[in-house]
Amino acid sequence: MLINLIEGAGRLAAVLAGVILVAMVGFVLYEIVLRSFFASSTYVLDEFVGYGVAIMTFLSFSMALREGTFIRVNLVIANVPPGLRRMIEVLSCALGTAIFSFLAAYLLKIVVRNFERGVVSNSVAEIPLWVPQSLMLVGVMLLVAQFAALTVQYVQGAPISDSSEEL
Amino acid sequence: MTELATGLIVLFLIFFYLGLGVWVFIGLISVSLTVQFFILDMSPDTIGAIATKIMVRSASSWELAAIPMFIWMGDIIFRTDISRRLFDGLAPIVNIIPGRLLHANIVGCTVFAAVSGSSTATAVTVGKISLEELSARGYDRSLAVGSLAGAGSLGLLIPPSIVMIVYGILAEVSIISLFAAGVLPGLMIAALYSGYISLRAKTGDGIVPQVAEGGGGNIPRVRLADLVNLLPVALLIVVVLGSIYSGLATPSEAAAIGVLAALVIAFVTGQLSLDLLTQSVMSSVKMSAMVVSLVVAAALLSTTMGYLHLPQNVATMISGMELSPYALIALLAAFYVLLGLFLEGISITVMSLPITLPLIVQAGFDPLWFGVFLILMVELATITPPVGFNLFVLQGLTNMSISQIARASMPFFLLLCVGVVLLTLFPEIALWLPETIRGGGG
Amino acid sequence: AEKWNLANAYGANTLHVEGNVVFAEALAKATGKEIEVTVHSGGSLGFKSVDHFDAVGDGAVQIADTPGGFLGGIDPLMNLSSIPFLVKSVDEARVLLEIARPEYEKVFADNNQKLLYASPWPASGIWAKVPVTDVEKLKGVKIRTFDPGGTTAFKNLGAAPIQLAWGDVVPQLATGGISAVLTSAEGGVTQKFVEHTAYFTEINYALPLNFVHMNADVFGGLSPEQQKAVLEAAKTASDRNWQEVTGRTQRNYEKVKADGGTVINTGTDTLLSDLSGAAEDVLKAWAEKVGPRGDAILTEFRSKTSSN
Ligand code: NA
Ligand code: NA
C-alpha cells in the first residue's frame with residue numbers, strides 16, 4: 001500500500017519533470033525571440049533554466065531508480081549466487097537510503113535557513129531561494145522513499161529486476 | 001610520496017564501491033563521504049554542508065541545460081523514421097568505403113560536435129540515433145560503441161566547447177582563437193578514427209555485414225530517393241548550425257532550436273502525436289536524471305580531491321623538477337591521464353591550471369596550443385575507467401557493462417594518444433588556423 | 001599547524017586571486033607556517049561566488065573572496081558598491097568603504113563570519129563597435145550587462161541590455177548577437193574584445209567591491225597572536241589590492257591600444273551626466289530597500305565628497 005503510494009508519487013514527480021523539460025525549451029526559445037526580434041531579454045534565462053535542470057532531474061530520480069535507469073557495475077553482482085546477490089541488493093538500497101537521508105536532512109536545513117533569512121537570488125526576479133530548493137528537496141525525499149521501499153521489498157523476497165544484466 | 005598513497009587510496013575506494021555493484025552515483029558519493037570523514041577528518045556537519053551545496057550547485061547549471069534538451073532532440077529523431085531514413089540514405093553512399101556505416105558515429109559526432117559544446121551530449125545524442133540502427137544492420141557492436149565513445153569527445157575539441165570557454169576565461173586566451181585552434185585537431189582525430197575503422201573492416205571478419213546495402217549488385221548506385229532520405233537530418237543540422245553562426249542563438253541555447261526543429265520535422269512528416277511527445281519526454285527525463293546523478297556525484301568527488309589538494313600538490317611537485325620542454329609535456333600528459341581516471345573535464349582544467357599554465361608558458365609553449373593539448377587530455381579522461389562519462393552514458397544507452405565499453409574504447413584511447421603526440425610534434429596543427437584568421441581578419 | 005582553504009571563483013591572474021596569494025604568503029611568514037592557506041582559484045573547489053557566504057558560515061571553507069553583488073540576495077546593503085556612478089574614482093570607493101564598513105562587518109558577524117578585507121575591481125566601461133561619446137550611440141544597442149542595476153540603467157537610456165553568461169559573451173560578439181559589453185578594460189583585454197568591439201569608453205560605471213570573509217569560529221579559536229597575524233596579513237593584501245587597481249587600469253589601457261583598440265576617456269562629460277541620470281533609479285531603489293542604514297551611509301558619503 002505504502003509502496004504503491006511511493007511509486008505513484010515518483011511517477012507523478014516524473015510527469016512534473018517532463019513538464020519542466022518542455023517549459024525549459026519554451027523558455028529558451030522565448031528568450032531567443034525576445035533578444036533577436038525585440039531587442040529585449042527575460043534577464044533571468046540562465047537563472048531559471050539552472051533551477052529547471054536541477055528540479056527536473058531531482059524530481060525524476062525516484063522513477064529512474066524504480067525503472068533501473070541508473071547505471072551500476074555488474075561485474076560482481078551478475079556472477080554471484082542468488083543469496084549473496086540479494087544481500088548485495090539490500091545493502092546497496094540501504095546505502096542509498098542512508099546517504100540520501102543524510103543529504104536530505106542538510107538540504108532541509110538550507111531550505112529552512114533561506115526561508116527564515118528571506119534570501120533571494122541576485123537577479124531582477126529576486127526569487128526566494130527556498131522555493132526552487134524545496135522542489136529539489138522533494139525530489140531527494142522521493143528518492144529516499146524509493147530506496148527505502150526497495151530495501152524493504154528485497155528483504156521480503158521480491159524478485160530482483162534483471163533489466164540491465166549482461167556481460 | 002603521501003600524494004601517491006592518497007591517490008591510491010581514493011582509487012581503491014572507487015574500485016571497492018563500484019565493484020560492490022552499488023549504483024555508480026551512490027558509489028562515487030560514498031567514496032567522497034568516506035574520504036572526507038576518514039582522511040580529511042571533517043565533521044558530519046561540515047560534510048553535510050559541503051555535499052548539499054555541491055549537489056545543488058552542480059545540478060543547477062545553465063551549461064548543463066543543453067544536455068537534457070539534446071537528449072530530447074535525439075529521442076524524437078530516434079522515435080520517428082528520421083534516423084532510419086538517415087541510415088537508408090547513407091548506406092549506398094558509403095558502400096565503397098571499407099567499414100561502410102561504421103563511420104556514421106565518427107561523421108555524426110564530428111558534425112554534431114559543431115552544435116554541441118559537451119562530450120556527454122554528443123555521445124548520448126548520436127548514440128541514441130545510431131546504435132540500434134547499426135546493430136540491426138549487423139555491424140560490429142564493439143567497434144560501434146568504441147568509436148562512439150571516442151568520437152563523442154570531439155564535442156569538446158570542435159567548437160563550440162564548454163571546456164574551451166572555461167579554459168579561455170581562466171587562462172586569458174581568446175575563446176574565438178581557441179575555437180579556431182580546435183578545428184583541425186578535431187578533424188585529424190576524426191580521420192585517425194576513420195582510418196582505424198577502415199583498417200579493421202579490411203582485416204577482420206564480421207565487422208561489417210556481408211551484403212552491401214541499397215545497391216544490391218556490385219556497383220553501388222546512389223539514387224535520388226536515397227538523397228531525399230538525408231533531407232530531414234540535413235535540414236536539422238543547417239537550422240541548428242545556422243542559428244549559432246547567425247548570432248540568433250548562443251551555443252548554449254542551440255539545443256532548444258534543435259528540439260523545435262525536430263518537432264517541426266516530425267509534424268511535417270505526419271509523425272508527431274501525443275504518444276510520441278509523452279514517450280520522448282518521459283524517456284529523456286529519465287536519461288537526464290541518470291546523467292545528472294553522475295554529474296552531481298563526479299562534482300562531489302572532484303571537490304573532495306580539491307580538499308585533498310591532490311592535483312595542486314602533484315602539479316607543484318612537477319613544477320619543482322625543472323624539466324626540458326618535451327619531458328615536461330610528457331610528464332604533464334601522464335599527470336593528466338592519471339587525473340582523468342577520477343575527474344572530469346572542467347574539474348581537471350580548473351584544478352591544475354593555476355600551476356601548470358605558468359610552467360608551460362615558461363617552457364616556451366603557446367597558451368593557445370596548451371588549451372588544445374588540455375582538451376585532448378580531457379577527452380582521454382571521458383573514456384578512461386573508473387570515472388569516464390562517455391563510458392557511463394554508453395552503458396545507459398546499451399546495457400553493456402562498463403568493462404566491455406572500456407575495452408571497446410581502448411583503441412580509440414590509443415588513437416587519441418597518437419593525436420597528442422602529433423599535436424606536440426607539429427603545434428601548427430592547432431596554431432595555423434587561428435593565426436591565419438587573425439592575419440586575414442586584421 | 002592550521003591548514004585553511006580559501007575559495008575564489010576567478011582566475012589566477014585576476015587582481016583578487018593575486019591578493020589572496022599575498023594574504024596567504026604574509027600569513028605563513030608571520031606565523032612561521034603555523035597557518036597555511038591554500039588558494040583555490042577558478043572555482044576549483046566546486047563553489048560559485050553565490051555559494052561562498054554559506055560555505056564560510058557553515059565552515060565548508062575557512063575563507064572566501066566574494067564580489068558584493070553575489071551577496072545582495074542575503075542583504076541588499078551588500079549591493080552598495082555595485083550602484084552605478086555612486087563613486088567616481090578609486091579614492092571615493094575607499095571613502096565609501098570606510099563609511100559602510102561597520103554595516104558590512106555586521107552582516108558577516110550576524111552570520112558567523114568575520115570580514116577580513118574588501119577591495120575593488122577596476123572600473124567598468126563600455127566596449128562597443130562604434131565610439132560611444134553620447135547616449136544617442138547607445139539607442140537600441142544590444143549591450144551585455146552583469147547585474148540588475150546595469151539592466152535598469154541601460155534600459156532607461158533606451159539601450160537594449162541583454163543578460164548572458166560570461167562564456168557566451170565572446171561567441172555572441174563574434175556572431176553579432178550583441179554589439180556592446182559593459183565590463184572593465186581588463187575583462188575585454190583578456191578576451192581580445194578589440195577583434196569585435198574596437199572602442200572602450202571609460203565611464204567609471206562602478207568599482208564594485210570583493211569581500212574576503214572568514215569563518216568566525218575558526219577565527220575565534222586562534223591565539224591572540226595568530227588573530228593579530230591574520231588581521232595584519234589581511235591589511236597587507238588589502239593595501240596591495242587598492243594600490244594595484246589604479247596601476248592596472250593604466251596598464252590595461254596600454255594593452256587596448258597595443259591590440260589596436262581605442263580608449264575614449266575625454267569629451268564624455270555629457271555622456272557621463274546622462275548616464276548618471278539614468279542610474280538614479282538604481283540608487284533610489286537601493287535606498288528604499290535598505291532603509292535608514294542606507295540613508296545614513298549616503299548622507300555621510302555625500303558630506304565627505306561634496307567638494308567634487
Ligand atoms: Na563542440
Ligand atoms: Na576517466
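Quick reminder: no glycine exception, Cβ is built from N, Cα and C everywhere.
Any TrEMBL annotation is an automated prediction that lacks curation.
Features as listed in TrEMBL:
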type     : residues  : note
TRANSMEM : B:7-39    : transmembrane segment
DOMAIN   : B:13-429  : domain 'TRAP C4-dicarboxylate transport system permease DctM subunit'
TRANSMEM : B:143-169 : transmembrane segment
TRANSMEM : B:175-193 : transmembrane segment
TRANSMEM : B:227-248 : transmembrane segment
TRANSMEM : B:254-277 : transmembrane segment
TRANSMEM : B:289-308 : transmembrane segment
TRANSMEM : B:328-361 : transmembrane segment
TRANSMEM : B:368-392 : transmembrane segment
TRANSMEM : B:412-433 : transmembrane segment
Feature contact check the transmembrane segment (B:368-392) with the transmembrane segment (B:143-169), CB under 8 Å, 3 or more pairs:
yes
Listed stretch, out of B:7-39, B:227-248, B:254-277, B:368-392, B:412-433, that has the most CB pairs under 8 angstroms to the transmembrane segment (B:175-193):
B:412-433
Please check if the transmembrane segment (B:254-277) comes into contact with the transmembrane segment (B:227-248), where contact means 3 or more CB pairs closer than 8 Å and the residues in each pair are separated by 6 or more positions.
yes
When you scan the chain for residues with a C-beta under 8 Å from the transmembrane segment (B:368-392), skipping those not six or more beyond its ends, what do you find?
11, 14-15, 18, 24, 28, 119-120, 123, 148-150, 152-154, 156-157, 161, 163-164, 167-168, 171, 173-174, 177-178, 181-182, 185, 189, 291, 294, 298, 301, 329, 333, 336-337, 339-345, 348-349, 356-357, 360, 402-403, 405-406, 409, 412-413, 416-417, 419-420, 423-424, 427, 430-431, 434
Over the span of the domain 'TRAP C4-dicarboxylate transport system permease DctM subunit' (B:13-429), how high is the average pLDDT in this prediction?
92
What parts of the chain pack near the transmembrane segment (B:328-361), using Cβ distances under 8 Å and only residues at least 6 beyond its ends?
7, 10-11, 14, 119, 156, 162-163, 166-167, 170-171, 298-299, 301-302, 305-306, 311-312, 314-316, 318-319, 321, 367, 370, 373-374, 377-378, 380-382, 384-389, 420, 424
